[in-house]
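Going by TrEMBL, these are the annotated features:
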{"type": "DOMAIN", "residues": "B:26-476", "note": "domain 'Amidase'"}
{"type": "ACT_SITE", "residues": "B:K81", "note": "active site, charge relay system"}
{"type": "ACT_SITE", "residues": "B:S156", "note": "active site, charge relay system"}
{"type": "ACT_SITE", "residues": "B:S180", "note": "active site, acyl-ester intermediate"}
Amino acid sequence: MSTISRAEVAHLAHLARLEVTEEELDAFAGQLDVILESMKTLSEVDTDGVPPTSQAVPLVNVFREDQPQPSLQRDDVLAGAPDSAEDRFRVPQILSEEE
Amino acid sequence: MTERIIDKTAAALAEDIREGRLTSVEVTRAFLDRIAAVDGEIKAFTTVDAEGALAQAAEVDAKLKAGEELSPLAGVPIAVKDLFVTKGLRTTASSKMLEEWIPPYDGTIVERVRAAGLPILGKTNLDEFAMGSSTEYSAFGATKNPWDTDRIPGGSGGGSSAAVAAKMAPLALGTDTGGSIRQPGAVTGTFGGKPTYGSNSRYGVIAFSSSLDTPGPVTRTVLDGALLNEVISGHDPKDSTSIPQDVRPVADAAREGSGGDLSGVTLGVVKEFAEGSAQGAEPGVIEAYQAGVEQLVKLGATVKEISAPHFAYALPTYYLIAPSEASSNLARYDSVRYGLRVGDDGDNSLEQVMSKTREAGFGPEVKRRIILGTYALSAGYIDQFYGQAQKVRTLIKRDFEAAFAEVDALVSPTTPFIAFPFGSRTADPYQMYLSDLYTIPSNLYGGPAVSVPAGLSEGMPVGLQVMGPVMRDEVCYRVAAALESTQSPILAETAPEAEEA
Amino acid sequence: MTALNKYETAVKDYEPVLGLETHVELGTNTKMFCGCTTVFGAEPNTQTCPVCLGLPGALPVANKTAIESTILIGLALNCRIAEWTRFARKNYFYPDMPKNFQTSQYEEPLCEDGYVEVSVDGKPYRVEIERVHLEEDTGKSLHVGGSTGRIHGATESLLDYNRAGIPLVEIVTKPVPGAGALAPEVARAYVTELRDILRSLNVSDVRMEQGSMRCDVNLSLNKPGEEWGTRTETKNVNSLRSVERSVRYEIRRQSALLDKGEKIHQETRHFQEATGETSPGRSKETATDYRYFPEPDLAVMEPSREWVESLRERLPELPSKRRARLQEEWGLSEKEMDSVNNAGALDLIGATVSAGAAPQSAVKWWLGELSRRANEAGLELDAMSVTPAQVAELQGMVDEGRLNDKLARQVIDGVLAGEGGPAEVASARGLEVVSDTGALEKAVDEAIAANAEVAEKIRGGAHQAAGVLIGQVMKATKGQADAKAVRELIIAKLS
């Protein structure tokens, strides 16, 4: 029995924009336990006062000067698009999620 | 039997071309012929670019004829993992999502490879978006191990390692997030080098896990790996995580190591790995690895046991960080600007089209990791999951630093088991994840690590891993080249001769 | 739809709490994380590259000037500048966002804890700033097939990513209680002050109508002595006037609901420019889960104190300081100065004074005649087609006696109609004061002759009766005489 419910997986799938199947919901619910196990294991580790790491050599203040560089040619920009119109990327109706 | 072009090392081919004994076109054609002959069976390539490769080769030949000074590998062709963005050359990440994507730009490493005069033979297969350890998760079908075509060639970079092992390319590019260069190297009897994170640019490498992804060389010999790494490494202002320093020369270290003298070098073996090996490492692998260590001792190295208590947490740490970053990195595949679009029938909303596209375009392992990562990052869990994992990384890093205060490098098996048969580990993701047990710590730390052939188990290659301190990649190359000097005859004699069709 | 309460009743019964989130596009040469240019109005998708299109493999590198501009803004808003700060990914799917995450800042903004002081009707208010952070802008969608060009009812949308990745600074206030009935004016004064500060820093062109400055207005109501109420967030507030109107509207709407015992929903609303109303946004997901995490593709930032201090030295004279100085120089009261400021006339008056006009005259023109005309035309004062130099020139002609007030207003007609500068208009339209003494004397003599009785009174010392004769003379000269000179002439002749 998995710890994470199908409903929870369905919510995650929606957040990730994956139209998962019923079978996938079951499978993922079980496999998500891997991450819960990982969490449980890691929560045993005392990390009080330990800073996080994401780089071998931590870099700070990596900036770029405000100098223009050439953009891509618009034809190249749109060449890979599934659909375009009027020099823009065309998409089907946006049902408002953010409005 | 006279040595064929495809049998030669990249270093030897480069010299032949430089000295005028061979042209780049001849060399490139030889490898293209080999691809035509054996890749129908091995399936290492997703795309072969014969025309492009020959054109680049002709260009190099013209330049050499004109007396131009070119790079040490000029004229030697290369295979490129299909995770590197190549301008005008289809780049798929072995995903249906990008099945027809022709990029409008070159990544930095590809730019450097082109500038150095290395003709690009084509793009090699991988686990979709580099997520996997067997190439079984490629949307275009698995690549086969040239040593035994019923077995996996490792992953995610199984295409590159198989291409090199089957002599379809003298050089290849790979990327290593949790072992994707080293583990395929180990199971195909080739060399794989994961450089220090930040020493090789990620610009133009399709992202899997940003804080772990590291591009590097896949070759038959240590010296070839070193020469290739020198072509591609170095600071890149387009990558904010690129270290603004030069990596120490690794080719010289490889040459020094191949002399076979390791006196004065102290190597550490990780106590916790030995303990962990009881759970999963195959006896044959341990045996070959231990034989390798004995060889290193014979060459003068001192061996010392090292405790790295937090290595035990490496796997869970990795399986929090990598999917978290991946879930965000892969959000861009949404059917809007490039790639696949499914369900745009006039009725579906964009959100439905996005969801259908992502459902159809991503394979099971990618979806699984996206869901895992979405969960790990979702509200209220960030500190528990991602945050805690990045802190445990620090503890793993400290274990490495403590070790390197005592030893010059750490050695271990590269992977707990030899190449496994297709389908034997796909049912249980955790069994697959175990492939990377020994390789993951270096990704979390960020230091260099290489895999070099160390003998056979059940007739299949075993790799020995050398892990070095951050920005001290040369240590790994020296030790690996020393071991290679004792091993390569064995490998050369037993290496597979893929049947030409 | 609930009927609205009267504003006066609403603010008697409830106390409003304001909150403002302002987005400002920086005026850098290039985008936040790539070298694409940022020119407004370029052809669609011509200012894009692998980075700002979110192509596979592309990576960001932060624009140093954008970081500096943000620190400058923080300093100007009296903020603490972080010693350690970083970018974070805000994950959500939207097609105008190429990576489906926005590179933004989460727990560690560049600047925190500042304030802005504004003054309304001579009363000071301190608006506390919670944070100033840096992020990237999104692309633009063109909605096709709907009746209104809006997202609802559209059958498809077209995307242009030229704007995607332009550096965007978000300035968030802490809740602002205590403004009472003046809440709409305080909101407007704050946004005006912010705009002026940003303009003085020269970090953005702050054009609300072009979207380079955009405002979200939060508002809640509570009964005196009770806890703060539930707030709404009104988006799409794209002019100073709209800021004021949206606050006023929400106060009236929310108070009506509360009076009926209804609850206010925490929601996003949209301001409708045409009607001055706010309408609810459609939200499918109740709680958005942005899954913030530190951006692994960018290095952390540790702005050194030396760097911050060198930026502080670059701060120009800020509007509040400048205002205090000008108020003194121009001899205006607090209230007059507030009027000048809230009309957006400060720079215009300043430039008019610099061009030679006396401060009082400059104030009189801009707050009087020109404000009236701007209102009639529905324009902001600085959008009028008359320059401060022209106003100064006009006043000069008045001072020299070449124009009287009435003629000067006619000259303005001509200037606003695009007929040229004041001198040109005056001469083209023949609008000079009659200074030909002969002609004037003749007109005065005629007026005296025609009004013997009045002339007699004046001779007897009743100088106030001269008005009748002045009127006659002005009529005869078609208003082109200088009334003062005429008066003097009449009295001289009848003494």
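Quick reminder: no glycine exception, Cβ is built from N, Cα and C everywhere.
With a cut-off of 8 Å between CB atoms and residues at least 6 apart in sequence, the same chain places B:K123, B:T124, B:L126, B:G157, B:G159, B:S160, B:A172, B:L173, B:G174, B:T175, B:V218 near B:K81 (active site, charge relay system), listed in sequence order. Distance from the CA of the residue listed as 'active site, acyl-ester intermediate' to the CA of B:S156 (active site, charge relay system) is 5 Å. For the domain 'Amidase' (B:26-476), the predicted model reports an average pLDDT of 95. Secondary structure at B:S156 (active site, charge relay system), as computed by DSSP, is coil. Sequence-distant neighbours of B:S180 (active site, acyl-ester intermediate) (same chain, 6+ residues apart, CB-CB distance under 8 A): B:L126, B:D127, B:A130, B:S133, B:G155, B:S156, B:G157, B:G174.
Counting every protein chain shown, 35 other Cβ atoms lie within 10 Å of the Cβ of B:S156 (active site, charge relay system).
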